[in-house]
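Colleague: If you scroll down you'll find the structure; I have some questions about it.
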Amino acid sequence: MKASIYDFTLDELSQLLKPSFRAKQLYLWLYAKYKTSFKDMQNNFSKDFIAYLEQEFTLRTIEIAHVRESVDGSKKYLFKSLRDNHTFEAVLLKMKDKKIDEETNAVLEGEKYTVCVSCQIGCQVGCSFCFTQKGGFVRDLKASEIIQQALLIKEANNLPIEKALNIVFMGMGEPLNNLDEVCKAVEIFNTGMQISPKRITISTSGVADKIPILAGKNLGVQLAISLHAVDDKTRSSLMPLNKKYNIECVLNEVRKWPLEQRKRVMFEYLLIKDLNDSLDCAKKLLKLLNGIKSKVNLILFNPHEGSKFERPSLESARMFADFLNAKGLLCTIRESKALDIEAACGQLREKKLQQKI
């Protein structure tokens with residue numbers, strides 16, 4: 001089976017292709033011009049070189065099988081692998097963006113886009129609040145399959161080449177359980193799609209022994225920790241992984257995470273009615289994160305089929321956030337996007353193409 005050209009970093013292609021400058025030319029065609037056929041690159045390459053590329057590599061290995069659009073402008077994409085027909089999902093989040101014109105001080109309104117990518121088909125972690133785990137674990141995604149999610153979404157929405165995307169590894173799967181492919185994808189996002197690592201967030205459920213490995217890669221990405229509870233009993237009931245990597249174990253590794261000035265580790269905290277949304281929980285969270293440059297992102301539980309949990313009131317979420325902010329711990333409430341199309345946090349899973357989606 002031919003390798004996908006999207007699986008190669010710029011350095012790898014530079015070593016593989018002769019002369020080496022061909023790699024940069026090829027990257028331009030792939031990531032700046034969205035070319036999906038080697039024959040479309042004839043302006044730069046000889047017929048012999050194109051024949052070599054066609055013999056050794058393939059291009060697209062996934063395709064968009066279905067799209068659902070939310071009333072808020074967000075879109076959920078169902079992708080199908082062209083190799084094994086398995087499916088996985090990614091989400092395009094559309095948000096308003098305001099910038100200050102440095103010359104006139106005028107407020108400029110625009111739009112910013114975030115692509116929530118998947119790194120696995122299914123997930124092994126088994127969080128009880130997450131819909132992804134109901135489908136079981138199928139396989140890891142290759143770097144090429146991760147990259148193509150953002151590439152195809154950008155192309156489908158006619159976003160200008162120069163339009164920067166934010167990338168969040170918060171779709172299906174645990175990024176640290178597919179670390180090599182995730183790290184390669186980050187490098188290609190940067191050198192290929194020109195997405196700064198500062199715009200890329202890797203979210204983990206807390207695979208503590210792999211956090212220092214990720215740190216050692218020096219990728220410059222943002223780290224997010226899915227915490228969701230303030231004591232081990234509650235967290236273990238929500239996230240079985242906590243029995244292996246408890247809260248103290250995870251936080252010990254987070255304290256070693258290299259942070260640039262003015263940067264913080266993000267802690268994601270899923271608020272579930274009458275389970276972890278009390279003011280007492282907020283007080284314990286404040287104590288847990290003492291000494292860590294952190295930001296708390298509160299997420300109101302997003303209901304899904306078969307779930308036993310309930311979504312808390314916005315009022316209780318605001319009380320939780322107000323307490324933390326008043327004590328000096330930066331806390332925001334994540335606006336739940338795409339709830340109407342089941343594309344919010346914890347609602348993604350593999351779907352069979354023949355079922356209603």
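Any Cβ shown, glycine's included, is placed from N, Cα and C.
Residues or ranges marked as active site, proton acceptor in Swiss-Prot: Glu89. For 109-340, the entry in Swiss-Prot reads domain 'Radical SAM core'. Under the heading disulfide bond, Swiss-Prot lists Cys116-Cys345, citing sequence analysis as support. Positions annotated as [4Fe-4S] cluster binding site by Swiss-Prot, on the basis of sequence analysis: Cys123, Cys127, Cys130. Annotation comment: Swiss-Prot describes Gly173, Glu174, Ser203, Ser226, Leu227, His228, Asn302 as S-adenosyl-L-methionine binding site. Under the heading active site, S-methylcysteine intermediate, Swiss-Prot lists Cys345, citing sequence analysis as support.
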Colleague: Return the member of Glu89, Cys116, Cys123, Cys127, Cys130 nearest to Glu174 (S-adenosyl-L-methionine binding site) in space, with distance defined Cα to Cα and candidates limited to these recorded positions.
Modeller: Cys123
Colleague: How many neighbouring Cβ atoms, not counting its own, are there within 10 Å of the Cβ of Ser226 (S-adenosyl-L-methionine binding site)?
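Modeller: Around the Cβ of Ser226 (S-adenosyl-L-methionine binding site), 27 other Cβ atoms lie within 10 Å.
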Colleague: Would you give the longest CA-CA distance, in whole angstrom, between residues of Gly173, Glu174, Ser203, Ser226, Leu227, His228, Asn302, the set recorded as binding S-adenosyl-L-methionine?
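Modeller: For the residues that bind S-adenosyl-L-methionine, the greatest Cα distance is 19 Å.
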Colleague: Distance between Ser203 (S-adenosyl-L-methionine binding site) and Cys130 ([4Fe-4S] cluster binding site) at the Cα atoms, whole Å?
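Modeller: Rounded to the nearest whole number, the Cα-Cα distance is 14 Å.
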Colleague: Using a 10 Å radius around its CB, how many other CB atoms surround Cys127 ([4Fe-4S] cluster binding site)?
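Modeller: There are 20 such Cβ atoms around Cys127 ([4Fe-4S] cluster binding site).
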Colleague: Cα of Ser226 (S-adenosyl-L-methionine binding site) to Cα of Cys127 ([4Fe-4S] cluster binding site): how many Å, rounded?
Modeller: 11
Colleague: What whole-number Å value do you get for the CA-CA distance of Gly173 (S-adenosyl-L-methionine binding site) and Cys116 (disulfide bond)?
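Modeller: With distance taken Cα to Cα, Cys116 (disulfide bond) is 12 Å from Gly173 (S-adenosyl-L-methionine binding site).
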Colleague: Quick one: average pLDDT across the domain 'Radical SAM core' (109-340), no decimals.
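Modeller: It averages 94.
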Colleague: Out of Cys116, Leu227, which of the recorded positions has the smallest number of neighbouring Cβ atoms within 10 Å?
Modeller: Leu227
Colleague: Check the Cα distances from Cys116 (disulfide bond) to each of the recorded positions Glu89, Cys130, Leu227, Asn302 and keep only the ones within 10 Å.
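Modeller: Glu89, listed in sequence order.
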